[in-house]
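Notes follow once the structure below has been shown.
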6 protein chains.
Amino acid sequence: MQLTHFDENGKAIMVDVTEKNDTVREATAKGRILVSKEVYDAIEAGTVGKGDVLGVATTAGIMGAKRTSELIPMCHILPITKCRVNFEMKPEECAIDCYCTVKVTGKTGVEMEALTGVSVALLTVYDMCKAIDKSMEIGEIYLCRKGGGKSGEIRNEKIDGQKARPCQN
Amino acid sequence: MQLTHFDENGKAIMVDVTEKNDTVREATAKGRILVSKEVYDAIEAGTVGKGDVLGVATTAGIMGAKRTSELIPMCHILPITKCRVNFEMKPEECAIDCYCTVKVTGKTGVEMEALTGVSVALLTVYDMCKAIDKSMEIGEIYLCRKGGGKSGEIRNEKIDGQKARPCQN
Amino acid sequence: MQLTHFDENGKAIMVDVTEKNDTVREATAKGRILVSKEVYDAIEAGTVGKGDVLGVATTAGIMGAKRTSELIPMCHILPITKCRVNFEMKPEECAIDCYCTVKVTGKTGVEMEALTGVSVALLTVYDMCKAIDKSMEIGEIYLCRKGGGKSGEIRNEKIDGQKARPCQN
Amino acid sequence: MQLTHFDENGKAIMVDVTEKNDTVREATAKGRILVSKEVYDAIEAGTVGKGDVLGVATTAGIMGAKRTSELIPMCHILPITKCRVNFEMKPEECAIDCYCTVKVTGKTGVEMEALTGVSVALLTVYDMCKAIDKSMEIGEIYLCRKGGGKSGEIRNEKIDGQKARPCQN
Amino acid sequence: MQLTHFDENGKAIMVDVTEKNDTVREATAKGRILVSKEVYDAIEAGTVGKGDVLGVATTAGIMGAKRTSELIPMCHILPITKCRVNFEMKPEECAIDCYCTVKVTGKTGVEMEALTGVSVALLTVYDMCKAIDKSMEIGEIYLCRKGGGKSGEIRNEKIDGQKARPCQN
Amino acid sequence: MQLTHFDENGKAIMVDVTEKNDTVREATAKGRILVSKEVYDAIEAGTVGKGDVLGVATTAGIMGAKRTSELIPMCHILPITKCRVNFEMKPEECAIDCYCTVKVTGKTGVEMEALTGVSVALLTVYDMCKAIDKSMEIGEIYLCRKGGGKSGEIRNEKIDGQKARPCQN
C-alpha cells in the first residue's frame, strides 16, 4: 500500500487537501502513565488541594494540541474549535489515564492533535514527578475514537489490555 | 514526599536551579510504536529507498527535543549540545523502537528533552502511516539511562516486557 | 455565575465553538505606558528621524497579536485578517497611548488578540527605554470596543481616568 | 540621552553584551487586574476548589516568561534558571495582584522576562473571565525590584497609589 | 506608488483582507544553492543511500513554510492545504535547485509561504554542508508562478540566467 | 568527505559539541534583493519619512536570527549576544544589500544565525513590496566573514560579481 505522505518519487509531502470538504471532525486519543505508589499518592493529594499536577498537565496538553502542526512535519495547520483534556485515576494499577478530545470544522482530521495533546499532558505529569520517581512509563497512546471526514466513525476498542479497550470522553 | 515543582502553598513553580553547577548531563529515552504488518512493511521499504518515514521522524524528533521547554510548562530552557534519534525495527513484534539521546552542559538534566524527542518522533511515524492503519499504538516511553548531575548514573532495565529492559544508545 | 472556561468538574477547557457561526468580528484594545520626561523626549525624537522606538513596537505588537493562541492557554487559533497598532503621544502626562485593532471572520472574538497586541507593543517600548528609566509603568489596558458575534457591539468608556474613557481607532 | 537599542544611524539593534560578565541577576515585576465583584468572587471560589483561574494563569505566566525573547524584538535569549508567579487577592479593591520573579546567571538582566510573565498571566485571567465581564482592566505593571548586573539593586516603591509601593516576592 | 503595508501616516499595518473572497490560491517559488564539487558529490551520494541532506531539507522547508506568518511581520496566518518541496540536481553548475509549491483556500496568496519554504530548505542544505565548504551561495530566489486571487495567473520566466526562466512544479 | 551531520549509518544527527570550548564567535552574512525602479524608489522614500520598509525588515531579521534553531533542524540553540542587520541602497543596480552580524560566546558558530537573519530580512522586504512588483529576486546570500572557533577567521571575497566580493559590517 502506498504511504500518502510521499510523492511518486518517495519524497515527503504535505498532502494536498485543498479540494476536500470542510466538515466537522472530532477525535479522542488516550494514553496513560504508570507511576510509583509514592507518586500516585502525591498526585492524588494534589488534586484535592495543593500541588495540582493534573491541572498544570491539562493546560499543557491543550496548549500542546494547538501546536501540533509545528511539531509534526506533514501536519496541516488546523484552527481547532474545541480541546478538552481529562484524567482518570486508576489506583489499582498506579496509573493515570489521560484523554484528549479535539474538534474542528476543516478539511482534514484532528487525530494528531488529540494524540499530541495526550502526549504533552503525560510528559508534563512525568516532568513534575520525576524528582520522586525516575522509572515512570508513558504508554498505551492510541486513537480511541474519530468522527467525521471520509473515513467516518472509527472506534478502537481494547480487550484485556490488548488493543481494543472502549473509551469515551 | 514533596513534589518539587510546587511551592509551600501548592503553587506551581519553575524550580530555582541558579545555584546548581554546570555539569555535563546526558539522558537516553526509549519508546515504541506498534503497527500493522502492512504499515511495518511500508516503513521498512521506505528505509531502503523511497518514502523514508523514519528519516522524517528523526528530523522531527530532534526538532521536538529542542522545543521541550516550550511544551512542558516547568521545564528550563536548555541549550542542548547533542541530540540523536535512532530507530530499531522489530519485525517479530511489528514494532519500531525509538531511542533519543540528549546531552548538555547545564544546571539541570535532559530527561525531558530525550522523552519529548522520542514522543515527537513516534507521533510523526504515526502521522505518516495513519491513512493505512488507525489502530497503531505508541507506548513504553521511559527513561532508560541518565548520567551527570546530583543523582548521577541511573539505568532503568526491563525484564520480560516489565519495566527494566536494558537499553543502550 | 459560571466561568465558561471550566467544565462541570472545574477542569479547564478550551470552549467548544464548533457550532458557532463564522461572522466578522473586530476588537480594539488600548493601553498606555508612563515614562520619564527624558524617555518621552527620546521617543518623540525617534519618531521624527532616528531611533524609531514606536516603529519597532508596532511591528512587535502585530507579531504578538498573531501569536495570542500560543500564549493564552484557552484561546482559539484565529487566522486574523487585519491588525493595526497605533500610538498617541500624550506630552502633558508623559504617557504614550497604544491602540490595537484586530479583525477576523471567525467563530469567536478577537478581544484577546487586541489586548495581547497592546501588551507586547508596550513591553517593547519598555524594553527599548529601560536603560534610561527603570520606573516606567504600563497600565490602563482594556478593551475599548468590540463588534460582531453574539454579544454585538460593546464600548467601554472612561470618565476622569476611571474606567470609561471613549476610544476610537 | 542616547537610546541603547539603536546604532549611531538610528537603526534598531540587539545590544552587544558579549563582553559583559555572567552574573546572577534577578527581577520581580508586578501588575494587577481590576475586575467586577462577580468575577472576583468566581476567581476566589475557583482557588478553593473548582475552576482554578489563577492556576492556569500561573502556568501561562511561567511559559510566557520563557518566550520573552521571541516576543520582544531586541531581547536576548536567556536560559532563565527560576520563574515564579504569585497572585494576591485584594477584595476591597476587586483587584488581583500578580508578581513574577525571574532569575538567571547571564550577561543581561531579566526585567523583561518578569514583566512579560506578569502580562501573560494577567491576560490569561482576563481571557478566562471575559464572558462575565468585558470591562476588566489590566494595569500598574512595573518593575518592583531587580538585583545583580552593573546597575545593582533597584527598588521601585509606590506611595498612595503613585509609583512607589514596596513589593517583595 | 503606494506601499500597501503602511497606512496613510506611513505606519506599518497588516493589510485588512476581511472582505476578500476565499478562493483557491497557489504559488511556486524557486531558489538555488551553489556549492563546491565536493559538497555536490556528497549530497548526490546521500540521495542514493546515506546522509540524505535533501530529505532533511525537504522536511525543514515544509515546516518553515507553515511558520511564515511567525517570521514575516505583516503576513497573515494561512492554514495552507498543500506544501511540496522539490530539488533538482544541476551537475554542470554545481548547483541544486529548490522548488516549493504551496496551496490554500483563503483570502490572500501564498507567495510568501512558497518563498519562505525555499529559503528554509536551502539554509538547511547550507547548514548540513558548511563543515566542508564555507563559500556556498544561496540565490535566485523568486516567485515563478502564482494562481488565484485578484491578480490571477502570473509567471516569471528567465532567459539566459536573467530574470525569466520558466519553471513548473 | 564525510558530512558531519550524519552518523556512521547515514542518519541525521545534531552534532555533539559538548566537549568544545566556549569561545567568542562572530559571523557576518550578506544577501541582496533586486527590485523594480518603482519599488526601489518607494523603499528609498520610506527610509526618509514614511512607510519604513527597511525598519520593519531590520526588526524581522533580528527576530528571525534568534529563531534559527527552530527553523534549521540540526542547528544548536545559541543564546546570541549581539545581532545587527544593516541595509545598503544600490541605486545603479536597483538592489538593496543586507548584512547581518551575529555574535555569541558558545561552543559552535553563528553562521546559520547570520544567514537566517539576512534571509528573513529580505523576505520581509519582498513581502512589503510584492503588491507593486511580483518579479523581485533575492540572491547572493553567503557568509562573508566569520571569526572564532576552531576554523578561525574566514573571509569570502567576490570579484566582478563572482563569489569573492569583500564585505565588512
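Backbone N, Cα and C atoms are what each Cβ position is placed from, and that goes for glycine too.
TrEMBL annotations: computationally assigned, not manually curated.
Database features, via TrEMBL:
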- C:14-149: domain 'Molybdopterin cofactor biosynthesis C (MoaC)' (DOMAIN)
- C:Met74, C:Cys75, C:His76, C:Met112, C:Glu113: substrate binding site (BINDING)
- C:Asp127: active site (ACT_SITE)
Of C:Met74, C:Cys75, C:Met112 (the binding-site residues), the residue whose Cβ has the fewest other Cβ atoms within 10 Å: C:Met74
Packing count at C:Glu113 (substrate binding site) (other Cβ atoms within 10 Å of its Cβ): 28
Chain D contacts among the recorded positions C:His76, C:Glu113, C:Asp127 (Cβ under 8 Å): C:Asp127
Cβ contacts of C:His76 (substrate binding site) (under 8 Å, same chain, 6 or more positions away): C:Met14, C:Val15, C:Val17, C:Ser69, C:Gly106, C:Lys107, C:Thr108
Most distant Cα pair in Å, residues C:Met74, C:Cys75, C:His76, C:Met112, C:Glu113 binding substrate: 13
Tertiary neighbours of C:Asp127 (active site) (same chain, Cβ under 8 Å, six or more apart): none
Filtered C:Met74, C:Glu113, C:Asp127 - recorded positions with C-beta under 8 A from chain A: C:Met74
Average pLDDT across the domain 'Molybdopterin cofactor biosynthesis C (MoaC)' (C:14-149), rounded to a whole number: 94
Helix, strand and coil residues within the domain 'Molybdopterin cofactor biosynthesis C (MoaC)' (C:14-149) as assigned by DSSP: 51 helix, 45 strand, 40 coil
